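K.L.:
As listed in TrEMBL for this protein:
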type     : residues : note
DOMAIN   : 25-388   : domain 'Major facilitator superfamily (MFS) profile'
TRANSMEM : 27-49    : transmembrane segment
TRANSMEM : 61-82    : transmembrane segment
TRANSMEM : 94-112   : transmembrane segment
TRANSMEM : 180-200  : transmembrane segment
TRANSMEM : 240-263  : transmembrane segment
TRANSMEM : 275-296  : transmembrane segment
TRANSMEM : 303-319  : transmembrane segment
TRANSMEM : 325-345  : transmembrane segment
Amino acid sequence: MQHGQEEQDSAGTGTPAARTAGRRNTAVIYVTFLILTLDLSMMFLQFSVTPYLAKKLGFDTLWFGYLQTTVGVAQLIGGPVFGRFGDLFGARAALTLVCSANVVFFVLLALANHPILLFVHKIPTIFMHIVPACQMVLTDLSEPEKRADVLSKTGLCFGISLILGSTLGGQLNARFGESFTASVGAAVSAFNLLLVLCFIPKFTKTEAPRSSNKSESQNQGVFNLREITRLMKYPRVMQIFLIKVIGGLPAGIFQVMFSIVSMDFFQLQPEEHSYLMAFFGIVQMVIQGAVIGRLANRFPEKTLLLLSIGVAALVGLVQTYMETVFQLCISITLMMFSLSVLNVITDSILTKSVPSSDSGEPLLAGTCCTVKLLNTAVKLDLLLGLGA
């Protein structure tokens, strides 16, 4: 009995090799969080640029909606194969593709001086899937029992990015204009690319894939639809995936219209818009850092899913009577809580539903991202209704 315990300790964190690997994995996880924070910060920075640049170029509400829908369509095209790409070529290749696309995106945004160019600069969003790319690393290097906690930290990164990116974008846009702000985004994205090349290992899976499966997987290619949809056959995956799509749909619709609401309905200027986004970032950090972890430890996953859907329904009722910025803050606070609980719990369930030895686990992280992209597909009908 004692001998078996010693063998278990030896196989765990007791050996020097295991401790070294553990420290290395921890370092990679921290760098991944930094990459995610910087990338999301630049995403919120461009939210302080695109709406006001579009308005200067003569976009009305309908055409700005078309511009936002272009992003959804582009990511809907690239999303289903992105996880497969990461599965075949590794986390470093996936993150390199994301960061390179970000650089091109911001360079094109800085050069955009015509409505057509504003549409063209959205093309690189086909490859801009930073959240699933980082989830590939985090799910591979974290233990299954700690996965929900690790994934919840991505929401903390989201909150920090919301504060940094929105504040920086609003200040830069007000003082130096849209082109300079976009150039800053390109420079930070290039720095992020260097972090990926220097610190992210080529492959992050803790278990080497079986050679026969690896050879077969390589031969099937990135665009094999059977492999892309194979994950839906695992138990609970299809049900949770549908819950994630339908539950996130109201927030997806509101997201595409938020810039229009803040500019046209509340008449917010870039700096005021950035302060509002910074407030939402603080709220997000509180939710992720002080609320979700305690709820996940105290209540079962099914109860939290029902809670998130119930709060989402309440948000829809509140937004029906929304007339002031204060009411907007209340409704979005509730929406962020609902969406955060939904994302953390469903991501945790989905990543644990696939065996770690299966090559589909990093693909699943990419598939999770397509939920947001599927939400965007319904926005075109909404915008066409506005145009009518």
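Backbone N, Cα and C atoms are what each Cβ position is placed from, and that goes for glycine too.
TrEMBL: automatically predicted annotations, no manual curation.
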K.L.:
Of the listed stretches 61-82, 94-112, 303-319, which one has the most C-beta pairs under 8 A with the transmembrane segment (180-200)?
P.N.:
94-112
K.L.:
Go through the chain and flag residues at least 6 beyond the ends of the transmembrane segment (94-112) whose CB is under 8 A from any CB in it; none is fine as an answer.
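P.N.:
Counting only partners 6 or more residues beyond its ends, the transmembrane segment (94-112) has Cβ contacts under 8 Å with 35, 39, 42, 46, 49-50, 53, 57, 82, 85-86, 118, 120-130, 133-134, 136-137, 178-180, 182-183, 185-186, 189-190, 192-193, 196-197, 200.
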K.L.:
Per-residue pLDDT averaged over the domain 'Major facilitator superfamily (MFS) profile' (25-388) comes to what?
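P.N.:
For the domain 'Major facilitator superfamily (MFS) profile' (25-388), the model's average pLDDT rounds to 76.
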K.L.:
Against which stretches of its own chain does the transmembrane segment (27-49) lie, if we need a Cβ under 8 Å and a gap of at least six residues from its ends?
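P.N.:
Counting only partners 6 or more residues beyond its ends, the transmembrane segment (27-49) has Cβ contacts under 8 Å with 95, 98-99, 102, 105-106, 109, 130-131, 134, 137-138, 141-142, 150, 153-154, 157-158, 160-162, 164-166, 168-170, 172-173, 178, 181-182, 184-185, 188-189, 191-192, 195-196, 199-201, 204, 259, 270, 273-274, 277.
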